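A.B. asks: Could you have a look at this structure, given as structure tokens, before my questions?
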């Protein structure tokens, strides 16, 4: 009896202790926040086990742990083991705080009157505006300032006559945007489609125009200020755009201007069309590495006129491919004026351009000096000021060439890290969707290799040729890229994996640091107190940078010969502390490419200078504890 009493007393004492630690109780004496079986609690224990006691625990890293509760974590782990996660994908995405596109179902909504959509978001338009006579629909401030934006327009304005569509400030200032236009304006007569300020200032924009204005008669499309100042997306794909059209004018003005790594693909564009009139003005100008592909563009067309003016002008590098352009066409006129005069030389490839054409006139004026012509029409081509190299770069007082695409302050010299120095601060704000790590119990059951891309896409509901499919492919491919000279790298999707990688390189006595906030971004700041990590000596370090992926994924790597600093950042006029930044200086740049942005900005060559940069918001730096 006494023994049973003592056992009961011990058990009661155990429960009491758990309640005291947990605070509010639920289901057995644990709180929702402190349940020891949650992924977050597991991560805390893992940190305490793997990192030596004198190293401060990083609440920053702990905050990125999976928000799944104990029950959901166990449930989704079992589903992952059984390859059944897709059956609960919406629930999994929401509960685990993942980055996912919504599954848009078909909509049969119709309308007979003019419609104005203002401050609208996330909609599927199917069979919308079909066979309408006259009228106009206006999309203004649509999907603006969103995070993950997905819109679908299918069979919109099909067989309509004189029907106008206006997309103004559409998808602006959003992050990861995907819009699909299928069979839009097909067989329409007259009317106009106007895209103005479309997907401007967007991170990772994607638009797909399939069978857009196919078989249209006199229906014009205008794209103005389209993907202006956008960043790193697949861009736009135009498939069978204006195919079999009659007198269809299309105008692209300020398209992709000042954008970063944006691509466009034109496939079967204007094919078999009659009297098409396409104008590309200031297309891809001032951009960074724009890539555009024209495949089977204007093939078998009749009396078409295409004009490329100030195309990819003052851009940095960039590549264009023209395959079977104006092939087998009749009386086609193509004018390239001031084409491809990029800041740094890009390349153009013309394969089968104008081949088999009759009575066509192709004119090149002030064209790029770096082009390849294969199976090119020999007759009817005029080259004026061809292969003339123009200097469009800006120069500063010391004669160094400065590329406008290298943001001031993105790269700097070690000598700038001195108290009192005024330095431009780049935009260090994290522009990726907010996500969390997955717990190790789930991530170890998910595929992650290029050989299993199909399975990965199935899990995350990424259909073929979708934006999400491209995001997944890009991330996995980059993670499998062989390391550069002297680099040790690993992609991690759980905090435990990051801890393992950092400690494998640096040992178990480590400190995790990140820049405190984003104050001072895109402004001039004053360097305050500076502290060199590990005495400011050459040291080892591990830097982890976010990769875009459904769950929180970091590309972690260690390179030799670096110095790491932490510095107070002061407001320019008041000298008040506004931030505490972490900077890393690469002392050996000999293996870097000569076209690296650091050398364009600082005016040097690989191996001749050290290069420093800040650790951006939500990126991390691991160093050996002092």
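Using N, Cα and C of the backbone, Cβ positions are placed for all residues, glycine too.
For 1-23, the entry in Swiss-Prot reads signal peptide, with the evidence type sequence analysis. Positions annotated as N-linked glycosylation site by Swiss-Prot, on the basis of sequence analysis: 124, 141, 277, 370, 387, 465. Taken from Swiss-Prot, the feature repeat 'FXXY 2' covers 125-128. According to Swiss-Prot, the repeat 'FXXY 5' annotation covers 167-170, on the basis of a curator's inference. Annotation comment: Swiss-Prot describes 181-184 as repeat 'FXXY 6'. What Swiss-Prot lists as repeat 'FXXY 7' is 195-198, and the listing cites a curator's inference. Swiss-Prot lists 209-212 with the feature repeat 'FXXY 8', giving a curator's inference as the kind of evidence. Summarising the annotation, Swiss-Prot assigns repeat 'FXXY 12' to 266-269 and lists a curator's inference as the type of evidence. Swiss-Prot lists 280-283 with the feature repeat 'FXXY 13'. According to Swiss-Prot, the feature repeat 'FXXY 14' maps to 294-297. What Swiss-Prot lists as repeat 'FXXY 15' is 308-311, and the listing cites a curator's inference. Annotated repeat 'FXXY 19' per Swiss-Prot: 364-367, in sequence order. Taken from Swiss-Prot, the feature repeat 'FXXY 20' covers 373-376, and the record attributes it to a curator's inference. What Swiss-Prot lists as repeat 'FXXY 21' is 383-386. Marked as domain 'BURP' by Swiss-Prot on the basis of sequence analysis: 411-625.
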A.B. asks: Quick one: what's DSSP say for residue 465 (N-linked glycosylation site), helix, strand or coil?
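C.D. replies: In three-state terms, residue 465 (N-linked glycosylation site) counts as coil.
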A.B. asks: Can you tell which of 277, 465 has the least company, meaning the fewest other C-beta atoms within 10 angstroms of its C-beta, among these glycosylation sites?
C.D. replies: 465
A.B. asks: Indicate whether residue 277 (N-linked glycosylation site) is helix, strand or coil by DSSP.
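C.D. replies: In the DSSP reduction, residue 277 (N-linked glycosylation site) maps to strand.
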A.B. asks: Can you grab the distance from residue 277 (N-linked glycosylation site) over to residue 465 (N-linked glycosylation site)? Cα atoms, rounded to a whole Å.
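C.D. replies: Here the two Cα atoms are 29 Å apart.
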